[in-house]
Amino acid sequence: MREKYRQERDKRSVGRTYQFARGDFSRYARDPYTERQEREPLTDEVDVAVVGAGIGGLLTGAHLRKETGLERIRLIDGAGDVGGTWYWNRFPGVRCDVESYIYMPLLEETGTIPREKYSTGPEIFAHLQQIAHRYDLYRDALFQTTVTELRWDEAAGRWLVSTDRGDLIRARYVAMSIGLMHRPKLPGLPGLETFAGHSFHTSRWDFDYTGGDSTGGLTKLKDKKVGVIGTGSTTIQLAPHLAEWAEQLILFQRTPAAVDVRGNRPTPPEWAAGLAPGWQQRRMENFHALTSGVPQDEDLVQDRWTQTTAKLAAAILPTGDTGGDPKERALAAERADFLKMEELRARIDSVVTDPATAAALKPYYRVYCKRPCFHDGYLQTFNRPNVTLVDTQGQGVERLTPAGVVANGREYPLDCLIFATGYEHEFAVPYTERAGYDIVGRDGLRLSEKWADGARTLHGLQVNGFPNCFILSKVQAGRHVNIAYMLGEQTRHLAHIVKCVEERGHQVVEASEAGEKEWVEEILRLATNDIDFLENCTPGLYNNEGDPSGLPLLNSSYGGGSVEFVNILRRWREAGDLAGLELR
């Protein structure tokens, strides 16, 4: 089986390029949901400018409201509303793949109980809007507004925030939460600009063309041949709805997804009624620990995330002993991984009726080479007579023509082509390039210059030379499948630092040179932990398209695990000495 995995990896190691949705392709990034509203430029001052109004930006605003006396907190976002990922992603079938009771933040604070174990995109979006109302974050927000530069004014102790609307906003603090899924990317295919049919990216869904909404009902596709490039987590949710309405659906696959059972169900009213105060944080931490391989007395979430991790952990450490021969432990992990993937491959055989299609859908790689997918209707889609799987044997689509898509030497005529090809990757694309602006700190130092060879931070949050500036990302910080939980921990930490600055009468805080150096050394010490594993995976997002060593080690997440990262932040706050920071 190792040889089979190697073969599947190697036949995909042909390199894959992407085209960013900019310049001639900028139409793929335009907002189809909110009509642009013109306004006069603003020149004013705020306490905090938060760039990004997704979960990270909202939690920054919420925790600052709760922990500090700062009054004017301004969210700035290019979208037409709050929500981030959940504003942009409205495609039919969109849901979270992490349990909604632990993914949707501040449930207790807002008095919200999700309707299902795995909530729909519209429900999540509405909840994020509720958070913005609850913490009065709409009041000073600027939407449909893109930051063009952040520049520190040393004499005034303020950040100058410039935007594409001509605004000049002075802010004591800036926090950047530009997110993971806001800049769509396209496949770098010959002929991309020549396709004469209709096309769009899944994060800019064109309901005017398809009809329907996020729940389905795509009535305008009844006479359309629709193609989708990409078979990751978006297509897993989307395909059943397209198949229901399109005359013909053609899915172009480079690498099969590993699709496990979702097991969604309505929220039991009696369970919700019996929840004790603090239930959400306890549930989050329980899930966080279990999915990080840290044993717990019980599994509160009981889903495929926790159950799979438990199986792998039990195989490696059957008695809970953390010692033993590392080679034997690695072999045990590989065996358990193989058995889990065999389970998923067997599920395909049990559902998909055509043997050739079933064989093409089988994934041959380790469980966590890619983000696992969960769905109870995707595989069944391939039993429909109007659905065709075009397996490209790892080579990907060859090119586009005015009429359609060429794959495996054959042209597939299409009326509509949908790109489910993901987003600019935060580990591979320089931060300021993804952000779309540069950050100019003390003495004219540009973040693009300081980070030319990779990031340098304290705890992934603050940078020497950039006072009163906070960056939320996974770079040099904790990384976990529940992104919302990690953002919650980071924003609590951010608010704690600002509160300390305010209470102690200081004006400026930044990472010290020594503090930053010490953290960077720790990042580098642990940064190679995943490379051997990722090198044996099929090319994809996690391993830089098959070249994990091509990513700057400085752009790694904290390699000691997300549980330890959260503990590091908590111990730091408890110590109270603000180690690694300079305050003036």
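Residue numbers in this text run from 1 along the chain shown.
Note that Cβ sites are derived from N, Cα and C of the backbone, with glycine treated the same way.
Model, not experiment: these values are computed from the prediction.
The FAD binding site annotation in Swiss-Prot covers I55, G56, D77, G78, T85, W86, D97, V98, Y103, V147, M486. Around Y103 (FAD binding site), the same-chain residues six or more apart in sequence whose CB sits under 8 Å from its CB are C96, S119, I124, N482, A484, Y485, listed in sequence order.
The Cβ of R371 (site 'Transition state stabilizer') lies under 8 Å from the Cβ of D97, G232, S233, V481, L541, Y542, each of which sits 6+ residues away along the same chain. R371 (site 'Transition state stabilizer') carries neither a helix nor a strand DSSP state and counts as coil. Per Swiss-Prot, site 'Transition state stabilizer' is recorded for R371.
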Ranked by the number of other Cβ atoms within 10 Å of their own Cβ, which of the binding-site residues I55, M486 ranks first? I55
Out of D77, D97, which of the binding-site residues is least crowded by other Cβ atoms within 10 Å? D97
Just to be sure I understand the packing, how many Cβ atoms besides its own are within 10 Å of the Cβ of T85 (FAD binding site)? 21
